[in-house]
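J.: What TrEMBL records for this protein is below:
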type: DOMAIN; residues: A:19-238; note: domain 'MacB-like periplasmic core'
type: TRANSMEM; residues: A:20-41; note: transmembrane segment
type: TRANSMEM; residues: A:291-317; note: transmembrane segment
type: DOMAIN; residues: A:299-412; note: domain 'ABC3 transporter permease C-terminal'
type: TRANSMEM; residues: A:338-365; note: transmembrane segment
type: TRANSMEM; residues: A:385-408; note: transmembrane segment
type: TRANSMEM; residues: A:429-453; note: transmembrane segment
type: DOMAIN; residues: A:441-644; note: domain 'MacB-like periplasmic core'
type: TRANSMEM; residues: A:682-706; note: transmembrane segment
type: DOMAIN; residues: A:685-794; note: domain 'ABC3 transporter permease C-terminal'
type: TRANSMEM; residues: A:734-753; note: transmembrane segment
type: TRANSMEM; residues: A:768-791; note: transmembrane segment
Amino acid sequence: MGHNLKAIYRNMLKNKLYTFFNVAGMAVAFACSILLFLSVYQDFSFDKFHVNGDKIYKVYSFSNAANGPELSEVMAYPAGPALKADNIGITKFTRVRYGGGKIRYKAKELELTTVLVDPDFLRMFSFRILQGNRVNPLADLGKVVLSANDAASLFGSEDPVGKTVETEISGTWKSLEVSAVIENPPVNSSIQFGALARTETHGHYPAIKDEWNNQHHPVYVQLAENTTQESTENRLRSFVKTHMPPNIGLMKARGYRADAKGDFSGLKLLPLADVHFNPEIGTGDRVNRSFLYILVLTGVVVLVIACFNFINLSIGLSFTRTREMGVRKCLGAGKANIWTLVWGEGFVTTLVAMVIGVAAAVLLIPSFNQLFVAKLETSLLYDPVIGLLLPGILLFVSLFAGSYPALAMTKLKVVEVLKGKIALKTNGLFRNTLVAFQFIIACVLISTTMVIYRQFRHLRSAPLGYTTTSMISIPVYDQSKGKELIRTMRLQLASQPAIVSVSGSSFNLGIGKDRNTGKWSSNFGYKGKVVRTNWMEADYDFLKTLTIKQVEGRDFSSAYASDSVNAVIVTESMAKQLTDGHAVGMEFFADSAQAKLHIVGVIPDFHLYSMFEDKEPISIMLKHEESMAYILVKVNTTNPAATMELVKKTYAKLEPGKEFKGSFVTENIERWYAKEKRLSRLFSIAAGVAIVLSCMGLFGISLIVVRQRLKEIGVRKVLGASVSRIAAMISKDFLKPVLLAIVISVPLSWLILNKWLQDFSYRITIGWWMFVYMGMAALLIALATVSFQAIKAALANPVKSLKTE
Amino acid sequence: MINITNLQKFYRTEEVETIALNNLSFGIKEGEFVAIMGPSGCGKSTLLNILGLLDDPDDGSYLFNGIEVAKFNERKRSDLRKHNIGFVFQSFNLIDELTVFENVELPLIYTKVGAAERKRRVEEVLDKMQIMHRRNHFPQQLSGGQQQRVAVARAVVNNPKLILADEPTGNLDSSNGNDVMQLLTDLNEQGTTIIMVTHSEHDARYTHRIIRMLDGQAVTENILV
């Protein structure tokens, strides 16, 4: 063992450059893959720490709209208690609602998130109580539970339990007594909070506690021990009929359909384990599972490239060690001894690379978090699973990369080696296959990066049909007073030169900071045919705010009293469904229960939803009820940050104490494509790493091959070959596998990327020139890598090389 | 100790078959010092490789201490070799990355001798070869003569019954060559059987018997003692 380690150490030292290439390549690969694996591991560990996790579900509602089910996680106040009381297999429930953002103790004020819950919350979820009432800390409405960090920030060394704090809940300060301190919610918890108080402390609670139509918070439930998700979901059907019967007539009119069970809408359960992964009804920063699989695959691919480098370099360099192995065999070394020695060197290389890789990964965690909007923590490295995973990867990589060179060495024929007849059979085909494989991966990644980036840019910059720049959208908390808020804001901002107009809409443009999206579409009969349209409700100045020019007619206007009753603006494709002539002035019934709608304007078709969907007919109604979900503000300024601040201040006066979630619509639209953006970043980095690793491998191999061919180069020079001819001869050999890789990767990339692009209705076409760029990039990179060694060898003095040989 | 009968070895390529050993037969007694001579390509090295169990014959019998070893597999050959045979090469074949001490220690590691015993035996043999003062040096820091003395030390550290020397003085000047031959003679006098391939008539005169080979056959034998 000691003897082997000494031999390994000295051999690595002797071949410093080779060792550097191997260690550096492996370390880069380890750093990348460790970051990717940690990130994936963290995502898969979400909410797993709850002891009752497998019995906890999030309740969500579904409505079977014409174009697919609409899902919503928000419930009304009475839903939670009724779910438990109705004896449908639910033993515990908690409503989870944002309460406020501030807390005070004496002169100290702290910003934190207060979440309003029910007493079962701490019995369902495994957030450990560190001090105070461990049995039922939220037994009465006057109590608050603080997380350890916030308790320490607020109280310092003072004991917080029993102290009274001022907590801002729904805009008003309430005195609550700290009943317990609990551990901070870990990063891998979907539910995050700084303080917990009772749901009933919300200012609006008394007024709407029995209203089933006012929905604003998710509800989590815990099922009884002997109950399954399926049986509870079956019982939820009767629960819905009892408490929240759908207006089937209205739903039918709006194009909703019954599912296989005959339900137009209802309630279902989302397992807690899926909450982190469900993009529509999940909680917190959700992530798509398929994205995580792509991350794992990328990590593995990077490791495989590094392993191929190792194998190629080891085999290439082994010709210098065949005599040593021959002597060792001659002196009694068995196959196992030789295998252990050669593999041991691979193991030590891998171990050193892993130590460097882990250190690099730790240093890169902040950049990684920033780049991929992740929340990785160094402490994750101490997790027992990761503690096992790292040695596992070490062993796997050292076996994968080190076994082949070790096996090749054990097969050496002593007699021939000692005669100096053979180096290890450096099979060019094997070496070139590995190089070609590396470059196939690199080429596919280069073209993937190009296509994803261009598609992302294409989506982001695609003309939606309205001006997205300089527009702010603000989610309204108290939607029932939405129109009043819009009116007040319009009035207060009227004198501001930076503000162009203020309007409102029933759902957001893009994905705002509240992350809510909405869609409403319906089919209705008109003159014997079925008309299909998407709906949106808006406020005055809607077209002005979105900078949409009408083709015909006008914008909504308070100057026309009738507008507030039945005005509708339709897009051209909607108008075409109604008439071939002028649509303005036409009237139609979209819903027999509602007033006849009067078309006041026709506008060009535009994208109301993301570019994943086609342009569809749209009808925009002027909302005649007082509720409205979003305020839209069009600004005209060179200083958007200052204007946003102005809008924020104005909003703060309208909904005091509420978190301002206003954002520019351009940001909202980017959020539609957040997944593509992350993918684009990921693949550009992966492509970069793959290229760097492949080039390191190619450089190392060229170094070895040139050393092996020094005599041949010397002889050729003596016989009159020019420097350029020799350099070309050596480079040509290396470019062959790269060329082969390009040829293979073109159809491969096209197949993969074409399939990926099929998910987009608005997509780029893959041009042949992309593959030309890809091929040229790969060739140039490879040529630059090997030509250095080739030219150096061609310039060397032949006398010296022949003498050396 | 060694009895070979009708030993044959062929080298085949796709088109040509070359006979390296052609029905070769002879015997070597324990304690003998034998030189094998002949022109290049006559089969000397092939014979030495077969005698050293580094290669196997295509036909014929090879009795080592009365045991038929011609058909031994790789593992058995390796086992027999490491306990019974020491090698001295023309080009020394010391491992550059190991010190003098470690090079000599290597055969003892492969025969699983304990660390303390290894140290004692290596120091003893280095002392005997008068190379103890160079124990921590690397091969490239030694002269050719010193390197060959280390190689001899490595060959004898396991107390082998047989030493096979392939032109041991081929890379040495005459003075160093004589020193090495004296070392081998001393070892032989202490009871080790030695078979040496050489081109040098001078070196051959140190031995008891010369087997002269031509085209894979033993053509003459000269008894010197």
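Just so you know, glycine gets a Cβ as well, placed from its N, Cα and C.
Heads up, TrEMBL stuff is auto-annotated, nobody curated it.
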J.: For the transmembrane segment (A:734-753), which partner among A:20-41, A:682-706, A:768-791 gives the most CB pairs under 8 Å?
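T.: Ranking A:20-41, A:682-706, A:768-791 by Cβ pairs under 8 Å to the transmembrane segment (A:734-753) puts A:768-791 first.
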J.: If you run through the domain 'ABC3 transporter permease C-terminal' (A:299-412) with DSSP, how many residues end up as helix, strand and coil?
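T.: Final tally across the stretch: 100 helix, 0 strand, 14 coil.
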J.: Are there residues at least 6 beyond the ends of the transmembrane segment (A:682-706) whose Cβ is under 8 Å from a Cβ of it, and what are they?
T.: 17-18, 21-22, 24-25, 28-29, 32, 294-295, 298, 301-302, 305-306, 308-309, 312-313, 316-317, 319, 371-372, 431, 435, 438-439, 441-442, 445-446, 448-449, 452-453, 713, 730, 733-734, 781-782, 785-786, 788-790, 792-793
J.: Please spell out the DSSP helix, strand and coil residue counts for the domain 'ABC3 transporter permease C-terminal' (A:685-794).
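T.: Across the domain 'ABC3 transporter permease C-terminal' (A:685-794), DSSP assigns the residues as follows: 95 helix, 0 strand, 15 coil.
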